[in-house]
Amino acid sequence: MALRNIAALVLFVMMVLCGACSGAVYRVGDSDGWTSRGVVDYNKWASTKDFHVGDTLIFAYNNQFHNVMQVSDQDFQSCNATSAIATYTSGSDTVTLKRPGHYYFLCGAPGHCQAGQKVDIEVTLPVPESMIQSPSPSPYGSSSNSVSHPEAMSPSSTLSSAPTLNSSKLGFAATASVLGLLRFVF
């Protein structure tokens, strides 16, 4: 009985920890938010990010002038806001990316989508770190004619464009560990 209580406690703690490890959080448009003023190229913004299942998008906007509509690819291409999959109107909407594939969002206010207030978010499954190869270091003292690109090796230090939380791999590992432990307990 004590072993079951310990297993239940471990499961509870892991569930709490995994809740905090759900994924990265991105504010769409960074500090400019979701606007039709033409200051943000949303598809360019999205192309600089790696969106994964479990990540969250935050749409921040003035809800007197804008909304967020999730639409199909066809409706996205034609800026058709009449048959939305989902409509958000709070002015501070969060959308969790639950599956791999494309998510299409646009503003349904007249003319806003045509002015560029739309974004295509491509979502992939997270890649385990064990599958990512690190570059081999150069031998000590060797010279190389190759050019170093530090901006490609280190993430941006700008808080608004970087994910604020990205620990989904830890969450998956913790869940797998707990399930493995529970298999032996029960």
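Backbone N, Cα and C atoms are what each Cβ position is placed from, and that goes for glycine too.
Some features that TrEMBL has for this protein:
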type	residues	note
SIGNAL	1-23	signal peptide
DOMAIN	24-125	domain 'Phytocyanin'
REGION	132-160	region 'Disordered'
COMPBIAS	139-160	compositional bias 'Low complexity'
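Restricting the average to the domain 'Phytocyanin' (24-125) gives a pLDDT of 96. Per DSSP, the secondary structure of the domain 'Phytocyanin' (24-125) breaks down as 15 helix, 35 strand, 52 coil.
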